[in-house]
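Trainee: After the structure tokens below, expect a handful of questions from me.
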Amino acid sequence: MSLPLSYNLLAAAIGIASHLAYFNRGEHHLYGTLYLQLFILSFTTSLSLLTFLLHEPFTQALAKTASLTTFYLLGLYTSLLLYRIIFHPLNKFPGPFGARISNFWFSAHLKDADAYKKIQKLHKQYGDFLRIGSSDMSIIHPKAVSAIYGLKTKCRKAAWYDLTSPMISLQTARQKDVHDRRRRIWSLAFSDAALRGYEDRIRNYRDQLVFQLDAFGGKPVNVPKWFNLYTFDVMGDLAFGTSFDMLASKEEHWAIKLLGVGIEPLSWMFPVWFFRILVALPKLGDDWWKFIRYCSSKLDERINAKPNIPDVMSTLLDPYKGQQPPKEDMQMLRGDSQLIVVAGSDTTAVTLTYIIYELLRHPNHISKLRDEVSPYVSLTGDALHAKIANLDHLNGVIHETLRLHPPVPSALQRLTPPEGIQIGETYIPGNTTVFCPQYVLGRSESVYQNANAFVPERWYLYPEMIKERSAFAPFSAGTYSCIGRPLALLNLRTTLIKLITIFDIAFAPGEDGSTLREKSREHFTMALGDLNVCFVRREQ
Ligand code: HEM
């Protein structure tokens, strides 16, 4: 005997009610696995009750349970779809129809981890305010960066930052007070005195990089690979007191290979709840969690060591005065230890690679840089950072590269406060996930004159070429901006001038930069395509 229609309609009504009263309110991304388990539990409980308590035949019990479940889901999803298509407050904003319905629309339209390029195309089609998900907006209005990320913003970190919860780090701390407390400790790690110590620590790796590039004897070198080996060695040293020895071994450490595979799912821009289910599955999240375990074991070793020159971890461990940190703090320290490595390495390597790429396309800037830095540089290509930190053209080249090739190109997601925010003339409703893609803003004529041209002088000689300065934020802006910025700039400046002092550089035969332009993939930061360059030692 099948169920009377009234039971099925009741199940559908419960589906609608659960959407309106529960799923449509607050955040649910942390409970994806739990909901799945509850769903399976309810199904099997209903089946067991009907079979064992009411003694119905199994097939009949199965049919009734399946019918109730189907009607419940029909009610739930019809309500959800109608809300998203007709009643959602973001419906006034343009964007692809599919994106209104589900965030999977965007993931499904990514060809080869090219989110930043896809977002640029969509903005060309739909304008500055783009609805890119059911509750998600990408915004390239020139004033949007300060409204969303600036010091006075009421926006906070969006659900994306719960990807690895309960393990949190400075970057993924969503509660403002937790973040503020942690950030105060971290900020001591980037004082002028601390930076001078890092300058000494980094020199050794820079020399190793030059040694290895020199050893190619002018033959082609795949620059992104070598800059990655370099920057991961540097950050390993600053996080754990010992490098990954990648420059010496000329290859990636196994843990860094795991990291590369582990963060790959980020490139698909899946909704957070789905991503969390994916990485909870055996196999799929294995590489990422193995990398985290590796960092944890290195942290344990580091807690028992005492470096001669303090590293970043020295500051984070300082409050414990040589004692083992309590269990509750270890979770945060583990998060922070992997953050130092991840945040500081490929971001710097990507920037260095694109600086070389842009200089090779515009070689006049190499001679201009050499002229500018020559009073401060020794024969070995080294300079005290304090002497070169304010050089106009050097900083112009770095800024211009970061503008055109931001290492974090698109989705730094923030959540608007319940009352919403105002950007220019446009009101963005509350609880909307918003972001300002730096890649698109960096190439926007509303923000820069002659936006696609590489003009380092715009940063010191032609200020009129920058129409809205606050939109330039490759290190993000405000409370959650990159705390490692001074270290990144120190490393970029000193490494760049050493490379151009020691070497003449040229594209390798047959290289035109197209693989770098076309094969680079976004996974929050960038995994770069190859760029083959010849480094030939200059006559002194
Ligand atoms: C060119 C190099 C770099 C770029 C472009 C860059 C960019 C960024 C961006 C865009 C953010 C904001 C992330 C977010 O809101 O989710 C960030 C945060 C952060 N970066 Fe960097 N970064 C660079 C180098 C470094 C270095 C060398 C370190 C050193 C450890 C570092 C450590 C951090 C940390 C700890 C955060 C989190 C800050 C917070 O949430 O309070 N970064 N970075």
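Yeah, the Cβs are placed from backbone N, Cα and C, and that goes for glycine too.
Caution: TrEMBL annotation is automatic and unverified by curators.
What TrEMBL records for this protein is below:
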| type | residues | note |
| --- | --- | --- |
| BINDING | Cys482 | heme binding site |
| TRANSMEM | 6-23 | transmembrane segment |
| TRANSMEM | 35-55 | transmembrane segment |
| TRANSMEM | 61-83 | transmembrane segment |
Trainee: Taking the Cβ of Cys482 (heme binding site) as the reference point, list residues of the same chain whose Cβ is under 8 angstroms away and which are at least six residues distant in sequence.
Mentor: Ala343, Phe475, Ser476, Ala488
Trainee: Where else in the chain does the transmembrane segment (35-55) make close Cβ contacts, counting only residues six or more beyond its ends and a cut-off under 8 Å?
Mentor: 28, 61-62, 64-65, 68-69, 277
Trainee: For Cys482 (heme binding site), just give me the three-state DSSP call.
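Mentor: Looking at the DSSP assignment, Cys482 (heme binding site) belongs to neither helix nor strand, so coil.
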